[in-house]
Amino acid sequence: MVLCQGGEGDAAPAAGGTEPEVPPGREDGAGAVQPCLCPAPGVEAAGAEERRACGCFSGMSWPCCCEAPGTKKKAACPGLGLFYTILSAFLFSVASLFLKKIEDVHSVEVSAFRCVFQMAFVLPGLIYYKTGFLGPKGKRIFLFFRGFLGSTAMVLLYYAYQVMPLADATVITFTSPVFTSLLAWIFLKEKYSLWDLLFTLFAITGVILIARPPFLFGSRVSGIEGSYSDHLKGTIAAITSTLSAASTIVILRKVGKSVHYFLSIWYYAVIGLIGCVIALFVLNEWRLPHCGRDRVFLILIGLLGLGGQVFLTKALQIEKAGPVSIMKTMDVVFAFILQVLFLNHLPTWWTVGGALCVVASSSGTAIRKWRHSVRKAKQREI
């Protein structure tokens with residue numbers, strides 16, 4: 001046996017910018033050079049038996065491969081990513097409930113507080129990763145529109161939460177995957193099949209059942225929170241918010257992995273804060289809440305929204321996007337439960353039917369995208 005050292009390929013990150021999985025016994029760091037015992041010439045046959053014993057497909061015999069035969073692997077916790085998704089959905093839903101409970105704060109001001117929390121969270125990350133504050137020159141226009149559309153989606157969604165039932169606004173936001181597929185087909189030339197068209201029609205049907213326009217449902221519309229004009233304004237705001245959110249996803253796909261995700265969130269927070277401050281001065285709505293309870297709710301909305309983002313990001317890091325998208329429909333379930341328990345507002349059968357249509361369309365879209373990505377991954381392996 002002779003002593004050898006690992007080559008540069010051991011330290012190189014995997015394609016696509018993701019870090020390779022560190023096998024047991026090599027936690028010293030990606031760049032660490034570790035000695036290993038290589039077989040002397042003439043013992044390759046024995047090495048083949050050892051490779052079969054340990055299940056390593058690296059092409060090296062056991063002393064140079066990932067682990068010794070019989071060593072217990074560090075098993076990942078099954079379902080952890082889906083648990084993070086459910087936790088994220090719960091935190092977002094509770095934040096929406098607190099938003100409904102705030103009495104004297106405009107939705108734009110709530111959005112401004114949310115942007116401040118995002119900036120406080122992202123700023124240390126930008127400094128640590130040394131990404132700068134502007135980003136690559138060729139990507140700044142995309143980052144600007146990502147920040148503008150993303151913050152617009154947040155403001156409109158908060159307005160919809162305030163003027164219409166919590167469950168109705170939450171259900172409408174779940175049409176985002178369907179509209180993302182449509183916009184990606186238009187601007188990125190991605191494939192748009194008959195199934196995608198069917199899911200789009202399902203989503204539109206669900207929104208119509210929730211909005212219940214008088215020319216289809218008559219002048220007397222029941223089960224609406226407040227006046228119908230506010231309900232209609234909230235529906236339009238929620239749909240516009242969904243389209244803006246879908247546009248930001250298309251922009252992020254266009255940018256790809258050339259921009260750090262912290263920089264993307266930074267643009268979102270900074271542009272959103274600037275836009276909210278300007279809007280508040282124009283609307284003359286800038287004021288601190290008089291009630292101490294509302295101030296606590298504002299802080300909790302920022303913290304819960306940030307926690308929801310963190311757990312959703314962690315879920316996508318350890319679980320495939322398809323299952324996460326499907327499990328995220330728990331947002332709708334939590335919204336219905338919280339609305340009944342804390343707002344004493346029973347959803348109508350129209351809302352339930354609309355929710356089923358929207359959840360079916362978004363889940364179908366997520367499943368199709370997931371299967372397509374799995375099929376492409378298998379083709380690359382072949």
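Here, residue 1 is simply the first one shown, and the rest follow in order.
Glycine residues also receive a Cβ, built from the backbone N, Cα and C atoms like all the rest.
Small disclaimer: the values here were computed from a predicted structure and weren't measured.
According to TrEMBL, the feature compositional bias 'Low complexity' maps to 10-20. Residues or ranges marked as domain 'EamA' in TrEMBL: 80-211, 233-362. Look at TrEMBL and you will find 1-25 tagged as region 'Disordered'. Residues or ranges marked as transmembrane segment in TrEMBL: 81-99, 111-129, 141-161, 167-188, 195-215, 235-253, 265-283, 295-312, 324-343, 349-367.
Summarised by DSSP class, the composition of the domain 'EamA' (80-211) is 110 helix, 0 strand, 22 coil. Proximity of the transmembrane segment (111-129) to the transmembrane segment (141-161) is established through 3 or more Cβ-Cβ distances under 8 Å for residue pairs spaced 6 or more apart. Here the domain 'EamA' (233-362) has, by DSSP, the following mix of helix, strand and coil residues: 110 helix, 0 strand, 20 coil. If you take every residue in the domain 'EamA' (80-211) and average the pLDDT, you get 86.
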